[in-house]
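Reviewing the structure listed below.
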Amino acid sequence: MHDQKESCNLLKEPRLVVRKFLARPQHEGLGAIVRRSIGRFELKYFDPFLVLDEFSVTAPAGFPDHPHRGFETVTYMLQGSFTHEDFEGHKGTIGAGDLQWMTAGRGIVHSEMPAAQGTQKGLQLWINLSSKHKMIEPRYQEILSKDVAEAIKDGIKVRVIAGEALGTKSPIYTRTPTMYLDFTLKPGAHLQQPVPISWNAFIYVLEGEGIFGNTKSSPTAAHHLLLLGTGDGLEVWNKSSKPLRFILVGGEPLGEPLVQFGPFVMNTQEEIDQTIDDFENYVNGFEKARHWRSESNLSLDY
């Protein structure tokens with residue numbers, strides 16, 4: 001009883017759901033299907049988050065050679081595997097449960113293509129970088145599924161992609177302070193997860209259905225994005241007969257101006273114009289793009 005009382009007092013002001021979207025399938029890249037929830041017309045930006053895609057790709061579809069500048073991409077595989085390759089010679093494959101945290105910084109050109117038969121599924125999150133970090137050198141942080149921090153307690157399993165949950169921390173370094181938690185709740189489980197008060201936070205439901213924020217809320221099913229209001233954390237109940245799986249993502253808002261042109265995200269239109277110039281002329285971070293094409297791109301039959 002004492003433990004139960006302690007858990008009840010974990011949050012003083014649980015965050016409530018303030019907006020809810022169903023992410024509908026759309027085409028992206030070369031024949032890929034994505035369910036985009038952030039970065040669409042109803043929700044262009046949720047500071048510091050630019051895009052959240054749940055992707056589903058079957059070869060020969062994929063994301064051939066394309067550039068980025070000014071933000072980070074976080075790719076988290078749910079099923080199958082992807083091969084990524086960039087103009088720095090960085091190449092590898094990420095499989096189910098693996099994580100790639102790429103800081104594009106001043107510039108990267110890369111490809112992301114299926115590495116296995118069947119359908120590859122995963123999530124890609126774009127996190128904005130502050131003006132002081134936009135032009136840093138690119139870097140990668142990669143974690144295999146077996147090395148992702150995990151904790152299990154009271155019918156709750158969490159994979160800690162970034163941040164901390166159930167006393168377990170991720171080794172990922174986040175330039176824009178971020179938490180990224182993959183929760184699975186057994187039927188009957190109840191979760192209380194602290195979130196820093198000043199941060200923006202959202203939920204994306206992957207499987208099952210759950211009650212978020214308030215016991216009186218109606219259940220929310222897969223492929224829905226829930227934006228959370230103010231408070232010190234999230235409260236969730238799984239009152240269904242099946243497991244509930246969702247991600248909870250939170251980040252410190254940058255509060256800076258934003259100008260986006262496709263895969264380039266800067267603070268002013270002048271910086272975007274400069275980025276387009278840099279990319280077209282292979283300078284200022286894009287030098288290696290002039291003579292580079294990925295192996296997957298070279299094999300495409302145009």
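Note: Cβ is positioned from N, Cα and C throughout, glycine not excepted.
What TrEMBL says about a protein is an automatic prediction, not a curated fact.
According to TrEMBL, the feature domain 'Pirin N-terminal' maps to 34-127. According to TrEMBL, the feature Fe cation binding site maps to His66, His68, His110, Glu112. Residues annotated as domain 'Pirin C-terminal' in TrEMBL: 180-282.
Features recorded in TrEMBL, as mapped to the structure shown.
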| residue | record | Cβ contacts under 8 Å, 6 or more apart |
| --- | --- | --- |
| His66 | Fe cation binding site | Val109, His110, Ser111, Pro263 |
| His68 | Fe cation binding site | Met102, Ala104, Gly107, Ile108, Val109, His110, Pro263, Phe264 |
| Glu112 | Fe cation binding site | Gly62, Phe63, Thr75, Phe82, Thr83, His84 |
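For the domain 'Pirin N-terminal' (34-127), residue counts in helix, strand and coil come to 0 helix, 67 strand, 27 coil, using DSSP. The Cβ centroid of His66, His68, His110, Glu112 marks the Fe cation site; residues of that chain outside this set whose Cβ lies within 8 Å of it are Phe63, Asp65, Pro67, Thr73, His84, Asp86, Ile108, Val109, Ser111, Pro263, given in sequence order. Helix, strand and coil content of the domain 'Pirin C-terminal' (180-282), in residues and according to DSSP, is 13 helix, 49 strand, 41 coil. The Cβ of His110 (Fe cation binding site) has 23 neighbouring Cβ atoms from other residues within 10 Å, across all protein chains displayed.
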